[in-house]
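J.: So that we are looking at the same thing, I have put the structure below in structure tokens.
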Amino acid sequence: MIGIFHVFMWYFLLILYMGQIRGVFGTYEPITYKAGCPLWGVIFIIAGVSIIRVAKHPTPGVITFALIMNISCIITSVIASVLTITELSSFNSVSYRNYGQAKLGREVSRILLLSYSFEISVALTYAIFGCIGLVSVRVVSESFPFQWKRKTINK
């Protein structure tokens with residue numbers, strides 16, 4: 001859900017910033033827009049799909065992939081948060097015609113900053129439980145080597 005929200009916010013910002021008029025002071029193009037930070041929500045979507053896959057078919061390979069995706073979500077969210085804080089801390093003057101669009105874009109960046117912190121907490125939680133799940137699957141498979149194969153064959 002967070003990933004889809006980020007992709008829609010990127011589309012909203014794309015439409016918002018494309019409609020700017022070139023003025024004396026220029027247009028407002030923040031660093032998060034240029035880097036496509038909200039579009040990085042695709043990584044959040046892939047991580048969510050991998051978590052659903054782990055819930056349905058918990059194999060060591062799928063758990064490892066979900067763990068890697070959650071760690072990449074944490075890294076991506078931290079980078080996007082730093083870029084958003086950098087964007088919000090500095091505001092160069094823009095043309096009065098574009099001020100409303102710049103103000104609305106900054107409000108969207110504030111909302112995205114809150115959702116980045118939420119994504120960090122969700123991904124960290126799933127990464128911790130993914131590590132626990134990976135350890136427990138390996139312990140069970142080493143203790144009972146035929147039990148894991150039997151479970152996957154019956155499904």
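Every residue gets a Cβ built from N, Cα and C, even glycine.
OK, TrEMBL features for this one:
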TRANSMEM  7-25  transmembrane segment
TRANSMEM  31-55  transmembrane segment
TRANSMEM  62-85  transmembrane segment
TRANSMEM  120-141  transmembrane segment
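Surface or core, plus neighbours and distances: that's what I need for these features.
T.: Panel annotation: around the transmembrane segment (31-55), residues 1-7, 9-10, 13, 17, 62-63, 65-66, 69-70, 72-73, 76, 80, 83-84, 86-87, 105, 109, 112, 119, 123, 126, 130, 133 of the same chain, lying at least six beyond its termini, place a Cβ under 8 Å from a Cβ of the stretch.
Away from its own ends, the transmembrane segment (62-85) comes close to residues 31-32, 35, 37, 40, 43-44, 46-47, 50-51, 53-54, 109, 112-113, 116-117, 119-120, 123-124, 126-127, 130-131, 133-134, 137 of its chain (Cβ-Cβ under 8 Å, at least six residues beyond either end).
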